[in-house]
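Participant: Have a look at this one before I ask anything.
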């Protein structure tokens with residue numbers, strides 16, 4: 001029965017993966033092939049068409065089919081993938097000292113920052129390239145393309161707060177129809193010009209690079225557009241598993257993409273003028289409007305997948321303490337991964353809106369797109385090479401055989417796309433720098449605050465002894481919960497409570513929340529308890545980086561384990577609200593300190609983040625100089 005269930009589940013999961021994982025790379029044929037010719041000013045001939053098709057085929061084969069599907073997807077963190085999971089795996093390597101880990105964290109932050117930039121560009125370029133088919137139908141639509149695109153994307157971002165669980169059921173079938181359609185269009189064109197299939201021979205790519213080296217180099221900056229979204233295979237592994245994603249790639253996605261690219265190449269051999277929009281010029285006139293509708297649906301699905309990916313990455317970064325607390329809303333009672341981050345949603349929407357106004361067309365946006373993709377691929381190659389050597393036990397020669405060719409290939413991609421910096425490539429670069437600065441500043445700022453608190457801290461063991469020997473200590477009925485980052489020192493809120501209220505509660509519970517480097521922690525492993533004396537308890541709560549912390553829920557579990565009666569109305573949560581003050585010192589540069597203080601002031605309340613009832617919270621203020 002279990003085997004039968006797995007057989008039924010595998011096709012269903014594979015279909016679902018199509019709608020989430022492959023939307024981005026699946027819409028690349030709308031613009032990537034044409035952009036390769038126009039950006040590099042390639043003269044259309046049999047040699048150049050075959051050469052570029054061969055480059056596309058072998059780059060996809062090496063970078064996606066081999067590197068991502070065969071190698072990178074092995075790096076699963078309890079089934080989860082993505083740059084944050086990869087970073088968590090790397091930080092477990094015992095041979096790495098703290099200095100090397102800092103460099104790896106920085107590199108992981110670079111990859112995460114660029115993915116955020118990708119989340120801004122993908123919706124804009126996908127939707128614009130889809131609706132540009134309307135201009136093929138009639139030039140009258142030209143002036144309406146931007147308003148239509150903005151309208152579609154506005155609706156997409158507005159619906160995020162309600163969740164996409166209902167619509168998500170249709171993503172897989174729609175994307176399957178999309179891949180079947182683009183594959184069929186390509187096949188029909190190939191039948192008319194069958195010798196186009198010789199592009200599979202790598203000699204065409206080699207000869208193109210030898211005879212026109214600079215043109216081939218520039219073209220590589222657009223060839224990479226055929227691989228945009230390839231990182232989603234790894235990032236979404238936790239949702240669907242390795243096998244469904246691999247099956248979808250090799251059986252449906254890769255064949256459909258290559259058929260369509262070959263079909264576009266065959267069309268150019270028959271009609272070089274079709275380079276203006278070879279994708280839509282493949283479509284028969286009677287099918288043009290249905291295809292535009294299907295392409296728009298596929299583009300919206302691709303955009304949704306990237307938006308969801310950004311939400312997930314931001315949530316993981318918050319749980320791992322790499323970002324300040326933000327409001328995270330769960331939009332589904334069934335699926336834990338269905339979340340909505342309001343602040344990030346509006347940042348994405350405003351950024352996408354201005355991108356469309358600024359660049360106006362998908363061909364202009366393509367210049368901005370490649371930079372983020374290539375640098376992310378380079379970061380992943382470096383990180384996975386370190387993991388293979390340090391954690392998988394690969395010998396140095398095996399790591400070298402993997403790393404050198406892919407570092408060279410990714411290096412060529414980065415160098416080629418860097419030519420686009422002035423014409424639009426600065427956009428993801430600026431976005432990446434801003435996000436990277438925020439990540440590093442928050443991480444460093446938290447370290448400084450933590451060190452300041454520990455410098456003036458009082459060990460909890462000494463405090464309990466002094467309380468026990470003092471006749472002046474007054475205890476009042478009820479339970480007090482104090483959140484603390486270090487369970488071995490007295491929480492600031494407790495000291496302030498004694499200072500101002502002159503009392504302690506009959507039960508004082510110090511709670512420390514830990515985020516593990518695994519996605520989920522089982523309920524039975526959630527809490528660890530220690531009774532220090534009759535008035536003091538220490539509770540450690542453990543969550544994975546994809547769990548949503550719920551302190552009252554975990555506290556009830558702890559009370560049951562201690563055989564205590566749990567009554568939320570008898571519990572007060574004392575939280576220290578730190579007021580940071582900028583000082584001249586060895587911390588951070590003044591502008592970074594001001595940035596950190598601003599982020600600290602605008603974090604969402606601790607009670608919201610840990611799902612503590614606001615009417616049970618007592619905030620105790622304190623000042624910390626940084």
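Note that Cβ sites are derived from N, Cα and C of the backbone, with glycine treated the same way.
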Participant: According to Swiss-Prot, which stretch among 76-96, 139-159 corresponds to the feature transmembrane segment?
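Facilitator: Within the set 76-96, 139-159, Swiss-Prot attaches transmembrane segment to 139-159.
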Participant: Could you tell me whether the transmembrane segment (377-397) and the transmembrane segment (196-216) have 3+ CB pairs under 8 A, leaving out pairs under 6 positions apart?
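Facilitator: Contact between the transmembrane segment (196-216) and the transmembrane segment (377-397): absent.
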Participant: Can you see whether the transmembrane segment (44-64) and the transmembrane segment (281-301) are touching - at least 3 CB pairs under 8 angstroms, only pairs 6 or more apart in sequence?
Facilitator: no
Participant: Please tell me whether the transmembrane segment (281-301) and the transmembrane segment (339-359) touch - that is, whether there are at least 3 C-beta pairs under 8 Å between them, with each pair 6 or more apart in sequence.
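Facilitator: They do not touch: fewer than three Cβ pairs between the two stretches lie under 8 Å.
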